[in-house]
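> Structure in structure tokens, see below.
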Amino acid sequence: MSTISFTIFILANVWLLVVTTSIAQFVIDTSGEPVENDEDYFIRPAITGNGGSLTLVTRNSCPFNVGLDPDAPQGFAVLLSPFVSNREEDEVRLGRDLRVIFQAGTSCGQSTEWRLGERDATTGRRFIITGRDDSTVGSYGNFFRIVQTPSRGIFNIQWCPTEVCPSCKFECGTVGIVRENGKILLALDGSALPVAFQKE
């Protein structure tokens, strides 16, 4: 192999590595495109038969819980709003704190932004509810992050707002499900619910 051919081969591989690494830093949707923070997406369970579409679920009264509805064909779309916004970049990055907001209204007259609820006395789990944080967890309850699983295009959602408060000590957790009275609710502190993002 000539020196020029070898140099071209090395440069092509370095370029491919750089491109692959930069794409790997972003959340990608079901079409393989980076998820953008100004677009609506449906969050789908990556494992079919795992409960249906993400939606608002009534557990007791207001606020609504975030859950899955097997009878809802679409569920509600969400908007992802990063804690640190870069005006020149619309893509949602992996492992960065962000807000998850359902694009829907409620009869509770409150925000449909996801937040971490208090630990449930019966299940010991922390449910994902909606509304602006009322300082239940030091006003950091509305910040979640998306992390890659070993499978391309499949992610976990975590609550661990260390970007919002780097010096804080959080009891971090990954979002999973709880089945309660015929309802499927999202909660931390159990098995993870792998998800995919589908552009609306």
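Positions of Cβ are set from backbone N, Cα and C atoms, glycine also.
This is the feature table in Swiss-Prot:
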DISULFID  Cys62-Cys108  disulfide bond
DISULFID  Cys160-Cys172  disulfide bond
DISULFID  Cys165-Cys168  disulfide bond
SIGNAL    1-24  signal peptide
> Sort the disulfide-bonded residues Cys62, Cys108, Cys172 by C-alpha distance from Cys165 (disulfide bond) and give me just the closest.
Cys172
> Count the other Cβ atoms sitting within 10 Å of the Cβ of Cys108 (disulfide bond), across every protein chain shown.
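The Cβ of Cys108 (disulfide bond) has 15 Cβ neighbours within 10 Å.
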> Rounded to a whole number, how many Å is the Cα of Cys108 (disulfide bond) away from the Cα of Cys160 (disulfide bond)?
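Rounded to the nearest whole number, the Cα-Cα distance is 27 Å.
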> Excluding near sequence neighbours, so keeping only residues 6 or more apart in the same chain, what lies with its CB under 8 A of Cys160 (disulfide bond)?
Arg145, Phe170, Cys172, Gly173
> Measuring Cα to Cα, how many Å separate Cys168 (disulfide bond) from Cys62 (disulfide bond)?
29
> Around Cys62 (disulfide bond), which residues of its chain at least 6 apart sit with Cβ under 8 Å of its Cβ?
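Counting only residues 6 or more apart in sequence, the Cβ neighbours of Cys62 (disulfide bond) under 8 Å are Thr106, Ser107, Cys108, Gln110.
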> Across all chains shown, how many C-beta atoms besides its own are within 10 angstroms of the C-beta of Cys168 (disulfide bond)?
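Its Cβ shell of radius 10 Å holds 12 other Cβ atoms.
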